[in-house]
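> Shown below is the structure under consideration.
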């Protein structure tokens, strides 16, 4: 019997090897090994070794338990059938299901998505927006281009990282005006001064109603075809790799799939076909929290003349950006790609953070040829090949003891390596002013950013091209409640002459404060203390027990 058991186990392991090998090799052969999901971890054996290591098998020995073999085999044959049924019951499109299957298969394979330094070379000799500016574009050409263009704002985020339970675009930016107010003004000003252009939003199931209500004062922006709604995907139980269950609140069993969902949302909703039928060829995409990103006619004209299928706006990295992702060129096929910090092996961290070597980062301002997007989808069984981003969470984010899950996401910018003839262009920081944290929001609310006639937020000339670094105590200012408390005594401080502001502890700011140079404010006490009005320049201020309480 022992011999029969050993033979059975060998058959299981062989079956796993064959299944994983066939899954990888068939995908690679149909995509000429260019898919970002394949062959990054060292070929066919790497995923199996990864799983073997996870279950405690000796190094170099692929000896998987039956349950782990089922994880490999069942990723397509068994488990995903249940996932498909679940997603179909939620009325999710075939495009959404196939896109999630792509990410799920990567999870099952143990794909770590690592991009080593030896696989890439720096992106060099990129065109610059400053060099393509021209005196004017003929009016008839502008009209023709705008008739083929649509602006899309990504607006699916709830701002949960800032403690919000509503669309982040409803936050007040300058005075009482929100991100959505600025976006509406930008589009309407463009239509009035330069020509009619379509605009739309990509909302989520959590932001659609709030967005429509907030834009009721601009009915021309919420007419037919004004939005696509982001899909949702099931959270995956970290132990079983099956859909997570949380009967106490079934809505927590689902999560957003990241802004890489732009592509299946456009395809699955029928919006892509509808836009193409109407003669729309060019799509400009940017985040709703980046008010520096507006439709630029010179960029649109450059994109059209270049015949690029996909164009990414990038900025030059500084020391402050060194821990973020960068653009690179894959040596294997010469394609541009993005490498995020999670995709960098520890041994390559020094090279990853070398901003003189890897000079550019993605602004998430993208220009997409919709006819070329259709070609990519048709070529890849209805999906755009994108690397899977695995986020380890708990099924109930508010309950750290709830079941461990994986939230599988994709990023839309990573599609740069999936399009033939893709490219990038270097823009200045005036087109990049995102708000991801309360520190970012304090910076853009301040006089370090000016509002232009066309309602863009641009860095003040007095900042000399470098936005102030704002470092707020994450314990106190992670959420908006902390920032609101900081500003409860008065107005936003002046930061246009500030190089770096650091705040540690509970500090409330009086109206009439100006920071210059590098300033640190420290409150070591447990109570909120008030910083008095005045000019603070290149100094550290400690608010002790004698300082006024809030």
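Yeah, the Cβs are placed from backbone N, Cα and C, and that goes for glycine too.
Quick paste from TrEMBL:
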{"type": "SIGNAL", "residues": "1-28", "note": "signal peptide"}
{"type": "BINDING", "residues": "168, 230, 258, 289, 436", "note": "UTP binding site"}
{"type": "BINDING", "residues": "259", "note": "substrate binding site"}
> How big is the gap, in Å, between the Cα of residue 289 (UTP binding site) and that of residue 259 (substrate binding site), rounded to a whole number?
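Residue 289 (UTP binding site) and residue 259 (substrate binding site) have their Cα atoms 14 Å apart.
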> Taking the Cα of residue 259 (substrate binding site) as the centre, which of the binding-site residues listed as 168, 230, 436 lie within 10 Å of it?
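Within 10 Å of residue 259 (substrate binding site): 230.
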> Among the binding-site residues listed here (168, 259, 436), identify the one with the smallest other-Cβ count within 10 Å.
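Looking at the binding-site residues 168, 259, 436, the Cβ with the fewest others within 10 Å is that of 436.
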